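Take a look at the structure below.
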């Protein structure tokens, strides 16, 4: 009886964790798009800076005041040698995501972000000379094919937004790969990651935001007809961006790898559906097919990666010629996803 109750509570906790993760993620994306499109606040650097400030303050309160998680101590020297480079890539990743939202629909942006597993594998193979089994390469085919189909048939295609989203995938992959080497020895959770990286990211982005968008943002402030409600929406998006990082920590500890992968892809589908219901951006039939193919490919890739990670040492593998002596599975994981 007790085991049954524990099992039911575990399932309920996992569902609750996934739902609140979906809620925060989709809300942040929709609010950012609403800020750019409906509030006419076309300043992605400033929005990103607000998110970083809110995340830095939120992480400080969560760790120092509420004691939600113990603070992971990092040597001052490592903060500049390890954390700062990671924060720089983290900053670029968030900024490019917001820039892409400024120019392309949520549905298109979210589909392109699903290309991240492919960019991670390609970067590790091309630059870091890592070897991957043929099954990993095969699982990437539907992802690449789906992205190509979606891009060709996108009715609201914008080359600048498309490039920002693609480079955002590269930034996400680079961040994931660098984390393996730069953060070696530190077992960071999502809250501690934000605690250390958000202040650096704010410092990196503050000057470019002021120089490139300062005058435009000030002009918007004095000319917008509903300035108070608009500022509340922008600040709320920053608070929810921090809550998203907190929700990632919760969902990681409440689900297994397979559930997390499937839930992550369904989350993208939910974001696409809700954004279409709100913004009514035109989506052709072939574009929708491309989205489905891409998300199905991501799910298949996660399944293949999971099966390979469960493979016992010494299990026979398909003969091949590795580029290095060490076989390595992709390092990419959406568990450290950003706001």
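The backbone N, Cα and C atoms fix where each Cβ goes, and this holds for glycine too.
For reference, TrEMBL has these:
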TRANSMEM  12-31  transmembrane segment
DOMAIN    15-301  domain 'Sugar phosphate transporter'
TRANSMEM  43-63  transmembrane segment
TRANSMEM  83-104  transmembrane segment
TRANSMEM  134-153  transmembrane segment
TRANSMEM  195-221  transmembrane segment
TRANSMEM  227-251  transmembrane segment
TRANSMEM  258-279  transmembrane segment
TRANSMEM  285-304  transmembrane segment
Among 12-31, 195-221, 227-251, 258-279, 285-304, stretch most in contact with the transmembrane segment (83-104) (C-beta, under 8 angstroms): 195-221
Among 195-221, 227-251, 285-304, stretch most in contact with the transmembrane segment (134-153) (C-beta, under 8 angstroms): 285-304
Model confidence over the domain 'Sugar phosphate transporter' (15-301), averaged pLDDT: 90
Sequence-remote partners of the transmembrane segment (227-251) [C-beta within less than 8 Å, at least six residues beyond its ends]: 17-18, 20-21, 23-25, 27-28, 31-32, 34-35, 39, 41, 47, 50-51, 53-55, 57-59, 62, 69, 189-191, 193-194, 221, 260, 263, 335-339
Outside the transmembrane segment (285-304), six or more residues from its ends: residues with CB under 8 Å to it: 107, 111, 114-115, 117, 135-136, 138-155, 257-258, 261-262, 264-265, 268-269, 272
Tertiary contacts of the transmembrane segment (12-31), as residues 6+ beyond its ends and Cβ separation under 8 Å: 101, 106, 110, 233, 236-237, 240-241, 243-244, 247-248, 250-251, 253-255, 259, 263, 266-267, 270-271, 274-275, 278, 337, 339
